[in-house]
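S.K.: Supplied in structure tokens, the structure appears directly below.
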Amino acid sequence: MTSILVRAAAMLGGGREDLRIRDGEIASRGSLTPERGETVIDADGLVALPGLVDLHTHLREPGFEASETVLTGTRAAAAGGFTAVHAMANTSPVADTAGVVEQVARLGDEHGYATVRPIGAVTVGLAGERLAEIGAMARSRAAVRVFSDDGLCVADPLLMRRALEYVATFGGVIAQHAQEPRLTEGAQMNEGALSGELGLAGWPAVAEEAIIARDVLLAEHVGARLHICHVSTAGSVDIVRWAKARGISVTAEVTPHHLLLTEELARGYDARFKVNPPLRRDEDVHALRAALADGTIDIVATDHAPHPSEAKECAWAEAAFGMVGLESALSVVQHTMIESGMLDWADIARVLSEAPASIGRLDGYDAPLAIGAPAHVTLVDPTAARTWSTSDLRGRSSNTPFAGRVLPGRVMATIHAGALTVSDGEVVDAAELGTKEGD
Amino acid sequence: MKHLLSTRDLDRDTAVRILDIAEEMSRTADRAVRKLPTLRGKTVVNLFFEDSTRTRLSFESAAKRLSADVITFSAKGSSVSKGESLKDTAQTLEAMGADAIVVRHGVSGAAELLAHAGWIDATIVNAGDGTHEHPTQALLDAYTIRSRRFGDDARGRDLAGLRIVIVGDILHSRVARSNVWLLTALGAHVHLVAPRTLLPSGISTWPVTVHESLDDALDTGPDAVMMLRIQSERMHDAYFPSEREYAREWGLTAERATRLGPDTMVMHPGPMNRGLEISSVAADSPASTVLDQVSNGVFVRMAVLYLLVAGESQEES
């Protein structure tokens, strides 16, 4: 593997430094002289972040390759500065066996754009009836540590209790999609004055908060680790804050879209804004930002959910839930959290790399950019700005809710395990990456 | 005005104008030849994804009396039931030369989507979308109230100061939503009555008075009482315990009907569940406007099609 010299990057909490990457590791830092045959990246004006880690990605393969594949999804991830993604289990077949999770992880390794960490289903077929073979997935080559029925809530309290206890055996965590199913039957958007006016069935905040309240108490009772997916309401933030103060082992994520967008966007019935959990009120958006700033919410995770255009170009109630988010995540977080002064770049590294890796028990992210650490690096130009459009996407689907908005920042280079996956702001070709051609 | 999607888009003057044109249209009903040449050469498509014989016939009749070519497209047994998308269906109909599409759809926002998604250019008339709105129903209700109250003196008037009580499943009712915005724009006071389970969230932000007792609402001396159709399957979703309890608490029983003032209109958008939300005594009383509402529906829809489809030159006159 050739070596890469990153010149004059702004380091977190320090000045500018050169960074030499060799054999997949950070080989040296400081003021370095280019060597013969070395790839040199001029990072003057760029911020060096540790490679970003997404704890919540839908790669859709196997089964829904019309929406996304491991290859297209990890290319989108690389474009957004991610070097690792956690692939949700709601594929077809469901990732509820060692065979499926090993296949997904292997596809990620073959393509090389990002480390793909499969998330195992909690229950067989996501049916919420009996536990999937969690031990087999944990002990497989994919070494699964995060388990989730995402898209569906583990609603049965007994099953949730058992799942929390059982995954603890393998150092795992349950990532709960908190949605009380009976309270959200047919739900289409946030329940409130606007849903009443638009005549769309409401998704009440209490349906999320009731499950979070139950699950933090269960986690406390059995002494297990719980992660809450895509927290979306101010009330949920209060419960998580209470649970953490009590010493309960709970972590929480927020999506970029819940940090920026509100339910008002449902007004035109444009299904690009249909997502689960739904976009909430302005008060919720501000509570989520404050919670991310004060550490109540640990991480940002994308919930990247690709859908083909026909699943969105239809009447609201008939459209699919979900938005793509890998490519835009860092820009949205810069816009909502850095430009508002609530976080700095070192915090961004924490909430988008170190903390999600820690929750997912993903090695190699605990000493970011330290000499000898695996070389996962993202170089971002914080001064760039662009009017977001579908042409900025690199995955297979185009259901971005941010089109037409001016977003700051741009990922100029991504280095995954010592290899450039994004160079000069563009995703490199598979041939250049030196891995197997896919797709 | 290019489309009619929601009564929220109608201000007082526009609404009064539509009612006045509907009044003109009603006069044609007495002529030997009922047809007007206004929409000759125009094509109006009735696109009905949901069964609604009454509304469909009313729109068909309205378009035909204006001499439009009328195509009716019912989803049942058509390409739609074979999985064709709303977008493809709409584009197909426009390619066949539709100037206006009257759409009834079971999903809230379907009409808005057809008007604004950029798929087609045709004028869209919302004939009921999910639990959102049914603007021509509200217009015909307002027309009915105005002509009952003011008779030959109705022209140019709004409904200032009138008190209208709407009773029943507000949560799922597109008729209620459209009426709240329209009647309020026309200056009326709207009172809603329902069990809390059937009131939409955020009702406190609506420009209405909410009552939890039907008797309290009737004691306010309303000019009209509008009973909404209740679907008995709602009780399976725990919105109310039983039909019997609903009828007793929220129905316009014979006893309540006899207590109404002599000039209080009894309205219902139809089809009625006699014995549930409305008793036969009330439905068949002289105070009932149910059949007027049906005939007025044609005039109001003629007015709407005339305004939206006839074009600039006609609008001047």
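Even glycines carry a Cβ here, placed using N, Cα and C.
Relevant sequence annotations retrieved from TrEMBL are reproduced here:
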type: DOMAIN; residues: B:2-146; note: domain 'Aspartate/ornithine carbamoyltransferase carbamoyl-P binding'
type: BINDING; residues: B:R54, B:T55, B:R104, B:H134, B:Q137, B:G270, B:P271; note: carbamoyl phosphate binding site
type: BINDING; residues: B:K82, B:R174, B:R229; note: L-aspartate binding site
type: DOMAIN; residues: B:161-308; note: domain 'Aspartate/ornithine carbamoyltransferase Asp/Orn-binding'
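Set these features in their place in the structure for me.
M.R.: DSSP gives B:T55 (carbamoyl phosphate binding site) a helix state. Non-local contacts of B:T55 (carbamoyl phosphate binding site) by the CB criterion (under 8 A, 6+ apart in sequence, same chain) comprise B:F48, B:R104, B:A127, B:G128, B:T136, B:Q137, B:G297.
Neighbours of B:R229 (L-aspartate binding site), defined as other CB atoms within 10 A of its CB across all chains, total 18.
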S.K.: Taking each of the binding-site residues B:R54, B:R104, B:H134, B:R174 in turn and counting other Cβ atoms within 10 Å of its Cβ, which one has the fewest?
M.R.: B:R54
S.K.: With a 10 Å radius around each C-beta, find which of these binding-site residues (B:G270, B:P271) has the fewest other C-beta atoms nearby.
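M.R.: Output over binding-site residues B:G270, B:P271: least Cβ neighbours within 10 Å is B:P271.
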S.K.: Go through the binding-site residues B:T55, B:R174, B:P271 one by one and keep only those whose Cβ is less than 8 Å from a Cβ of chain A; report them in sequence order, or 'none'.
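M.R.: From B:T55, B:R174, B:P271, the ones near chain A are B:R174.
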S.K.: Near the Cβ of B:Q137 (carbamoyl phosphate binding site), how many other Cβ atoms are there if near means within 10 Å?
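M.R.: Here the count is 27.
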S.K.: List the residues in the vicinity of the carbamoyl phosphate site, defined as same-chain residues other than B:R54, B:T55, B:R104, B:H134, B:Q137, B:G270, B:P271 with C-beta within 8 angstroms of the site's C-beta centre.
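M.R.: In sequence order, the nearby non-listed residues are B:S52, B:S58, B:A127, B:G128, B:V175, B:P269.
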S.K.: When the pLDDT values for the domain 'Aspartate/ornithine carbamoyltransferase carbamoyl-P binding' (B:2-146) are averaged, what is the result?
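M.R.: A mean pLDDT of 92 is what the predicted model shows over the domain 'Aspartate/ornithine carbamoyltransferase carbamoyl-P binding' (B:2-146).
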S.K.: Express the distance between the Cα positions of B:G270 (carbamoyl phosphate binding site) and B:R174 (L-aspartate binding site) as a whole number of Å.
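M.R.: Distance (Cα to Cα, whole Å): 13 Å.
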S.K.: Could you put numbers on the helix, strand and coil content of the domain 'Aspartate/ornithine carbamoyltransferase carbamoyl-P binding' (B:2-146), residue by residue per DSSP?
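M.R.: Split by secondary structure, the domain 'Aspartate/ornithine carbamoyltransferase carbamoyl-P binding' (B:2-146) comes out as 66 helix, 27 strand, 52 coil.
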S.K.: Determine, from DSSP, whether B:R229 (L-aspartate binding site) sits in helix, strand or coil.
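M.R.: DSSP call for B:R229 (L-aspartate binding site): coil, neither helix nor strand.
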S.K.: Would you mind pulling the longest C-alpha to C-alpha span across B:R54, B:T55, B:R104, B:H134, B:Q137, B:G270, B:P271, which the record has binding carbamoyl phosphate, in angstrom?
M.R.: 16
